[in-house]
Amino acid sequence: MSDKNKLLLLFDRPLETVIVPRGPDQEAFDVPVDLLSDRYKAIGVQVSNRFGEETKSKIPVKKISPPPLGEILDLPRQANFSLFIPKHRKIAGRLINIFLGMKDTDDLQSMAIFARERVNPYLFNYCFSVAILHRPDTQDLDIPSFIQTFPDKYLDSQVFSRAREEATLVPEGQRVPIEIPRDYTASDLEVEHRVAYFREDLGINLHHWHWHLVYPFEGAEQVVRKDRRGELFYYMHQQVIARYNLERFCNALKRVTRFTEWKDPIPEAYFPKLDSLVASRAWPARVTDQKLSNLRRDQDQITQDVDDLYRWRDRIYEAIHSGFVQTDGGGRQELTEFGGIDILGNIVESSNLSVNRTLYGDLHNMGHVFISYIHDPDHRHLETFGVMGDSATAMRDPVFYRWHAYIDDLFQQFKGSLPRYTEEQLNYPGITVTGVSVQSQGGAANTLNTFWQQSDVDMSRGMDFQPRGSVFARFTHLNHQPFAYNITVNNASGGNKRGTCRIFLGPKTDERRTAWLFKDQRLLFIELDRFVVNLRQGENTITRNSTESSVTIPFERTFRNLDLSRPVGGEALAQFNFCGCGWPQHMLIPKGTPEGYDCQLFVMISNFDDDQVVQSTEGICNDAMSYCGIKDRLYPDKRSMGYPFDRLPRNNVNTLQEFLTPNMRVQDCVIKFTDRVVVPRPRN
């Protein structure tokens with residue numbers, strides 16, 4: 001194939017046939033008639049001719065004999081697609097395997113066109129994205145951000161009628177961004193709406209979607225089996241809950257309440273104000289005090305009782321407390337100190353790496369399904385699932401955090417059964433952290449500054465049947481002044497040493513402004529950075545910028561123009577996709593308060609000899625490795641994820657100060673929020 005980048009044009013305008021010109025260069029695929037859908041087989045030539053003047057070049061498409069799609073076509077083109085629904089994930093696995101099985105990119109292009117013309121657009125986008133990420137001959141391609149293909153999953157439904165007007169009537173150079181209000185899903189009467197800026201943030205929801213793209217829980221072995229995948233499921237979501245709780249504290253709300261009683265009413269309502277442009281339907285809402293019901297959704301082949309969740313939960317608890325799981329072959333597998341959390345993660349989620357899905361079930365995924373169908377459990381009203389049913393939208397819903405607080409508590413039950421870290425396991429003899437401070441650009445020492453910022457996103461690639469050219473939506477999100485860590489370390493070990501610098505941020509007091517017990521506080525520390533340091537003998541000064549964080553992806557990657565910010569050159573481009581997975585840089589630190597929210601910055605230097613994973617990562621994208629790992633490599637830190645806060649403290653340690661060893665240090669700091677909006681520069 002002369003230019004495999006042409007594959008990316010198949011993401012553009014997902015409802016339009018591929019024979020219509022697409023992309024900035026107005027290219028059209030020259031498709032053999034057999035690959036077209038029945039609707040266009042007879043009129044394909046007329047459609048091509050109609051757009052002939054717009055078409056600047058034709059992309060040749062190889063004629064192949066595609067395999068039958070079979071049950072993949074069971075999902076109607078106008079339906080919504082959910083990874084959490086077993087039937088949907090099964091057919092997704094089949095389509096991914098078909099794409100992975102194509103012998104070269106020419107065959108892949110032909111097969112993708114054949115499928116795209118026939119299958120559900122959401123299903124196609126997911127399966128084609130996973131295949132591109134995992135095929136050796138395509139994994140260097142830069143797949144479009146999901147918001148640019150399906151902006152309807154992220155933007156207020158009122159935007160699209162205004163966007164059509166702008167696209168149809170206004171010349172491209174004179175179009176102005178369509179501003180989305182910050183408070184469009186609820187009013188201040190709803191206390192949970194205080195943290196809507198977090199739940200509905202584009203970058204956070206794109207992170208969740210991209211993480212599940214990189215770590216699918218169904219499909220071929222090569223797609224699902226990744227190093228410490230189950231443990232990463234636990235850690236990434238644990239950090240999401242910790243971050244959410246910090247935002248709640250900044251907004252005078254208590255910690256999120258675990259969703260434990262599944263037959264009780266759910267007091268939190270959610271009205272998403274989203275429309276599906278594929279289904280031409282509004283996303284269903286959940287009103288106050290609805291209850292979960294047994295599911296009888298024949299169309300989705302779901303027959304499941306709420307009691308099944310209880311059965312699966314009890315069996316998982318039994319495994320945790322007995323220290324082993326039963327495999328589907330009838331054997332036992334121990335939940336060991338370092339490997340047990342990975343086994344448990346795959347069971348709880350569950351992925352097809354679960355050692356016994358028949359016994360331990362599908363707790364996390366089906367929890368999403370039960371909640372997402374709460375408004376129509378037996379399909380009597382012909383309604384689709386709510387936002388909890390889609391990894392691209394689930395984090396918008398307040399109940400997502402209640403459900404994941406419960407899931408995290410399961411993992412904490414296991415972590416509580418492990419031996420506590422001894423001082424020897426925490427200390428680094430001869431290494432003392434003597435000073436820590438943070439400095440914002442133009443701000444006071446140990447003060448982090450946050451504010452509102454507006455950014456634009458181009459919707460045109462996801463707007464079918466509209467005139468070409470960019471149409472921008474402008475939305476308001478949290479951001480912060482960049483800052484730097486200044487850390488001084490004394491090396492009295494008698495030789496040069498290497499260490500891993502681990503930086504966390506946590507709340508100084510609980511929601512009642514009382515001092516923490518460390519066993520509770522440790523669960524609210526959010527990871528800010530993790531990096532290797534070389535320590536000479538004597539005093540060392542370490543300076544690190546917040547933008548270098550191992551947790552986040554750069555701001556430009558979340559709000560990128562696909563054609564302007566794509567990296568140039570093989571290695572940079574090769575890793576761009578995996579790097580698309582990561583916490584958004586603009587949400588690295590919590591909002592804070594106008595008077596200043598009191599936090600504690602924790603810095604630790606651990607012994608690199610105990611952390612090191614021997615492997616080459618040269619040329620590899622690892623800028624967001626903490627939550628996402630590294631592509632085709634082992635997770636780059638031998639320690640348990642969340643170390644040193646992932647286990648209960650040793651005996652007689654009740655406070656953070658008592659927990660510290662010489663290679664750790666804590667610095668009090670404040671996060672100050674200023675209620676101002678930074679507006680982007682005019683485009684014209």
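Along the chain as shown, the residues are counted starting at 1.
A Cβ is built for glycine as well, from the same backbone N, Cα and C atoms used for every other residue.
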**OP:** Quick one: which of H134, H237 does Swiss-Prot put in the Cu cation A site with H208, H212?
**Re:** H237
Original post:
Can you tell which of H321, H404, H477 Swiss-Prot lists as binding Cu cation B with H364, H368?
Top reply: H404
Subject >> Member of C501, C579, C581 annotated by Swiss-Prot as disulfide partner of C628 >> reply: C581
Original post:
If you take the centroid of the Cβ atoms of H364, H368, H404, the listed Cu cation B site, which other residues of that chain have their Cβ within 8 Å of it?
Top reply: H237, N365, G367, A394, F400, W403, I407
Subject >> Count of other CB atoms lying within 10 Å of the CB belonging to N545 (N-linked glycosylation site) >> reply: 11
Subject >> Neighbour count (Cβ, 10 Å) for N491 (N-linked glycosylation site) >> reply: 21
Original post:
Going along the chain, which residues six or more apart from N356 (N-linked glycosylation site) have their CB under 8 A from its CB?
Top reply: V325, Q326, T327, D328, I347
**OP:** Go through H368, H404, our binding-site residues, and report the one whose Cβ sees the most other Cβ atoms within 10 Å.
**Re:** H368
**OP:** Would you mind sorting out which of H364, N491, N545, C628 (the recorded positions) have a C-alpha within 10 A of the one on E349 (active site, proton acceptor)?
**Re:** H364
Subject >> Same-chain residues at least 6 apart in sequence whose Cβ lies under 8 Å from N352 (N-linked glycosylation site) >> reply: F217, E218, G219, V224
**OP:** Would you kindly give the Cα-Cα distance separating C581 (disulfide bond) and H368 (Cu cation B binding site), rounded to the nearest Å?
**Re:** 22
Original post:
Whole-number Å distance between the CA of H364 (Cu cation B binding site) and the CA of C581 (disulfide bond)?
Top reply: 21
